């Protein structure tokens, strides 16, 4: 008799995706981040669900309801901090996952890569709307500043911003709709992630060498299930260390002050995971130019497959490209640091140079390096 996992219509899908899936024998820990993102997503949905049971999306009570969750709800504080710091973990895993894709040339799986870019944008939108919900000072002013950027769009800009706000400023209508979207989007993300996985399983995983691994496959279970469980345990350990010892390390102190439209905080800045994009936005003195640079800084990922010039897929045997890749990582860390600094000398010029470097590396230097490496290898 055939095993139930191979014959049952539902179990068959699970079996082909997580049990009998043929996987390359040499994929490293950099391939763990996909499953870690799944763990993060489930964690965020569960903690978010319990927070939504006690949260009220009204401007007069939102801040108090979050304080109530932390003070009066059983284990409310741990649920709240797991959700807030879980978002940071989510983005650490996301950036590592994207970085892995860039380094090992995983972007040549076009459908998988483009759905991944869509996922990144959706997660960023979800995180932004979630940051507005506690209705602290940074929540309010962050929402005001970021939504206001859309007013740079010619002709329809102002109407678009007022349509998103649901009025003439960020107010009750804005908070209510942001809560509604923040609640629904994770489920949409789950659906898109399933499509992401579907397309990945059409081609099979890439591996560190970037060459076909058809000659040497191993079953996903038990090898990679064990590996993924270890990764998940380490992720949860890191998260719980953050939650239990320094829960406010990555937050902004201004968010412990209730939102006040009459008092602007001295330094308006987003959460740490958006600082690199914020630095690029601020480095251009023109509003529309800044908005376009901000959008392009993320959308540039969709162009990566078109910019691949090397005859080799992975960077593992390409020292020139490796140098440029790690320069890009250093550049992104520099931008993240600059995004959190005030707009004054020398931070302005550092931010502008780092922004130019970011686009130069991706659009010019890395494709050039690929061509040079081909020439050096007489290909």
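Cβ coordinates come from backbone N, Cα and C, glycine included.
Among the residue ranges 11-32, 55-76, 77-98, the one that Swiss-Prot annotates as transmembrane segment is 77-98. When the binding-site residues 83, 97, 182, 196, 201 are compared by the number of other CB atoms within 10 angstroms of each CB, 201 has the fewest. Outside the transmembrane segment (33-53), and at least 6 residues removed from its termini, the chain residues within Cβ reach (under 8 Å) are 69, 79-80, 82-83, 86-87, 89-90, 93-94, 96-97, 100, 182-183, 186-187, 189-190, 193, 228, 231-232, 235-236, 239.
Taking Cβ pairs closer than 8 Å, the transmembrane segment (288-308) reaches residues 98, 102, 105, 107-108, 110, 113-114, 117, 120-121, 124, 149-150, 152-154, 276-278, 280-282, 355, 358-359, 362-363, 366-367, 370 in its own chain, all 6 or more past its ends.
Using Cα positions, the member of the binding-site residues 83, 97, 182 nearest to residue 201 (ubiquinone binding site) is identified as 97.
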